[in-house]
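Visitor: One structure, as C-alpha cells, below. Some questions next.
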Amino acid sequence: MREILHIQGGQCGNQIGSKFWEVVCDEHGIDPTGRYVGTSDLQLERVNVYYNEASCGRFVPRAVLMDLEPGTMDSVRTGPYGQIFRPDNFVFGQSGAGNNWAKGHYTEGAELIDSVLDVVRKEAENCDCLQGFQVCHSLGGGTGSGMGTLLISKIREEYPDRMMLTFSVFPSPKVSDTVVEPYNATLSVHQLVENADECMVLDNEALYDICFRTLKLTTPSFGDLNHLISATMSGVTCCLRFPGQLNSDLRKLAVNLIPFPRLHFFMVGFAPLTSRGSQQYRALTVPELTQQMWDAKNMMCAADPRHGRYLTASAMFRGKMSTKEVDEQMINVQNKNSSYFVEWIPNNVKSSVCDIPPRGLSMASTFIGNSTSIQEMFRRVSEQFTAMFRRKAFLHWYTGEGMDEMEFTEAESNMNDLVSEYQQYQDATADEEAEYEDEEAIQDE
C-alpha cells in the first residue's frame, strides 16, 4: 500500500509529531503498546500507510525521530505513546544546535545526518510502495530548521521521485522565541523552495489566536496548539488511510494545488473548531463546516487570505455526508467570493470526501489553500532578516560554523523573489495572460 514515512526533528517537530501519533493511533484503534484494540475493520484496512506490522502482531509507526539534544526525545519516550516507536528510530546527538541554523545544517547536524539516513533507508526498504515523506519541524530554531532542511535535501537526492511534504512552523510576528529566528527561517525557506514538494505553513501566533478566540482557552499551552496541528495533519492524510468516495493522495494533492513549482506553501485550516466543552451539543451541517473552513480566522498561519487571491484550494471532508451537498457548497463559496479566486484557473477548488470522521465528531473538514496572501508572512520574516543583516548582527555565530555571508544574501534574494512571484500572480488577470502570450509570439517571430 502507499506508505508515508514520518520524520520529526528538533524540539518543536518532536512535540507536534508525538501529538500527531496520539491522534492517528486513536483513529486506528491502536493502544500505546502497539496492539490493535479497535472496533471496525476499516481501521485496519489501510493501517500500513503509517504503521509497519511487526511479527508479534504489534503495529509500529513508520517514524524517524531526530534531535541534536536528548531532552525532547526523553520526554517523547516517557510520554503516553513513547513505547510504541521502534527504539532504533530515535537518533539524537548530545550537543544541541543552540538555535543556530549553521550548527544544524553544517556542523553538528552534518555529523549526525548519516545515522538518520540509515534509519530512513531501513524504514523505506520496509515499504511496499513508498509514497513519500512527511517532515515535522520548526523554522525558527537550529535543529528542525538547519538539520531538517539538510535531511530533506539528502532524501531528495536519494528518492527524487517521492513526494516530500513538510509541516513547517514559521516564526510568528509577535511571539518570538529567539532573536535569530528571521535568519534561521530565511535560510530554511531558501531550502524548502527548492527541495520540498508541499509545505503546510503553521505559526504559533495564529494557533494562539484560534485557541484564544474560537476555543475560548484563556491560557493556551503548546499542547493545545499541537492538538490543532495534529487534527489538521490527520485530516490531510485521512483519504489515504480510510476508504472514501473521492480519494486523494499526496501526489494528487500536489497536482491540484501547485500551479507553479516554487509556489508550494499552503495555508491550512480545520473545522469544526469548538471549545472542548460545547462540542457534543450541536449537530454540524455541511454548510456550517464550509463556512467555518473558509473563514480567515480559521487559518493556522498569520496571513489574511482576504488580502490576496486563491490560486488553488482543496477541501477534505470527513464523515457521512452527501457528496452532492459538498460539491454544491464548494461551488457556492466560489460564486459568492469569486473575486478571491484567480479567474485564469477555472474550477480551482478540489474537494474530497472520506467516510470516517475524527473521534468525537460526526463530520469535520480540513482546508488547504494556495493563496497569494501567504507572501505577507514571507515579507514579514524578510523585513526582520534585512534589519539585522544590514548591520551584520549575530552573523559571527553563523560564519563561525563555516558559513559564508554570500549564502545569507542568496537566501534573502530567493525569499524576495518568492514574494514577488506571489505578487505577480495575484495581480495577473486572464486577459493579461493572453497579451503576454501575444508578446512572446511576436518576439519568437
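Using the three backbone atoms N, Cα and C, a Cβ is placed for every residue, glycine included.
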Visitor: May I ask you to indicate which of 86-109, 422-445 is given in Swiss-Prot as region 'Disordered'?
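Guide: Within the set 86-109, 422-445, Swiss-Prot attaches region 'Disordered' to 422-445.
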Visitor: Just how many other Cβ atoms lie inside 10 Å of the Cβ on Asn226 (GTP binding site)?
Guide: 24
Visitor: What kind of secondary structure is Glu69 (GTP binding site) part of, going by DSSP in three states?
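Guide: Coil, per DSSP.
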Visitor: With an 8 Å cut-off on Cβ-Cβ distance and a minimum sequence separation of at least 6, pull the same-chain contacts of Asn204 (GTP binding site), or say none.
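Guide: Correct list: Val169, Ser172, Val175, Leu225.
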Visitor: Based on Cβ atoms within 10 Å, give me the single least packed residue among the binding-site residues Gln11, Ser138, Thr143.
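Guide: Sparsest of the binding-site residues Gln11, Ser138, Thr143 by Cβ contacts within 10 Å: Gln11.
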Visitor: Check each residue in the chain of Gly144 (GTP binding site) that is at least six apart in sequence and keep those whose C-beta is under 8 Å from its C-beta; list them in sequence order.
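Guide: Counting only residues 6 or more apart in sequence, the Cβ neighbours of Gly144 (GTP binding site) under 8 Å are Gly9, Gly10, Gln11, Cys12, Gly13, Gly104, Cys136, His137, Ser138, Val169.
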Visitor: Rounded to a whole angstrom, what is the largest C-alpha distance between any two of the residues Gln11, Glu69, Ser138, Gly142, Thr143, Gly144, Asn204, Asn226 that the record assigns to GTP?
Guide: 23
